[in-house]
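Asks: Straight out of TrEMBL:
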type	residues	note
BINDING	9, 10, 11, 12, 13, 14, 15, 16, 61	substrate binding site
């Protein structure tokens with residue numbers, strides 16, 4: 001029996017507004033981020049999106065988003081769902097990121113600076129989410145994570161995410177199924193704008 005997964009990005013944070021690099025470091029949700037999480041919750045209730053189990057990365061921004069969106073207080077907190085570690089770039093201004101093509105070419109740019117390589121974060125996300133899907137076989141899972149982490153996960157399971165040219169905005173939700181060892185991307189839901197991108 002297939003496992004159903006809703007993988008959600010957290011709401012807007014202070015560092016998002018300040019355009020700071022935010023991986024393993026953390027910043028609180030803004031009032032807009034709080035409103036986004038609540039609005040995402042209303043969208044999920046309206047469209048009967050319910051889960052059997054709930055998880056979030058260990059960051060405050062992910063946990064707060066989950067609690068605000070769902071009202072649940074009992075959920076798992078998993079380090080494996082955290083954003084990529086950017087090492088010494090954490091908390092710095094986003095313009096200090098090297099060009100994307102250069103980062104992709106080097107592959108381990110942030111690892112050199114004390115963070116994670118692309119392959120490390122992809123392996124971490126794939127292992128963590130696969131374990132969830134197997135542990136809760138046939139159930140529905142809602143987990144709150146991070147934009148970069150969720151795009152890395154898509155890449156790790158064989159999805160050429162960049163070809164879609166869609167960036168997961170705050171509180172966007174990736175919908176997957178997992179069956180016989182394979183993940184299938186079904187939708188990307190923007191509950192704030194109420195836009196659904198279908199991939200099935």
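Glycine residues also receive a Cβ, built from the backbone N, Cα and C atoms like all the rest.
TrEMBL does not curate its annotations; it predicts them automatically.
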Asks: Rounded to a whole angstrom, what is the largest C-alpha distance between any two of the residues 9, 10, 11, 12, 13, 14, 15, 16, 61 that the record assigns to substrate?
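Replies: Per the listed residues, the maximum Cα distance equals 15 Å.
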Asks: Neighbours of the substrate site 9, 10, 11, 12, 13, 14, 15, 16, 61: Cβ within 8 Å of the Cβ centroid, same chain, sequence order.
Replies: 22, 27, 29, 30, 33, 65, 170
Asks: Which three-state DSSP class does residue 15 (substrate binding site) fall into?
Replies: helix
Asks: Taking only same-chain residues 6+ apart in sequence, whose CB is under 8 Å from that of residue 13 (substrate binding site), what do you get?
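Replies: 22, 26, 27, 28, 29, 30, 33, 61 - these are the non-local Cβ neighbours of residue 13 (substrate binding site), listed in sequence order.
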Asks: If you run the three-state DSSP split on residue 61 (substrate binding site), which class comes out?
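Replies: Where residue 61 (substrate binding site) sits, the three-state DSSP reduction gives helix.
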Asks: I want to check the contact list for residue 9 (substrate binding site): same chain, sequence separation of six or more, C-beta distance under 8 angstroms. What comes out?
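Replies: Long-range Cβ contacts: 144, 145, 146, 147, 150, 168, 169, 170, 171, 172, 173.
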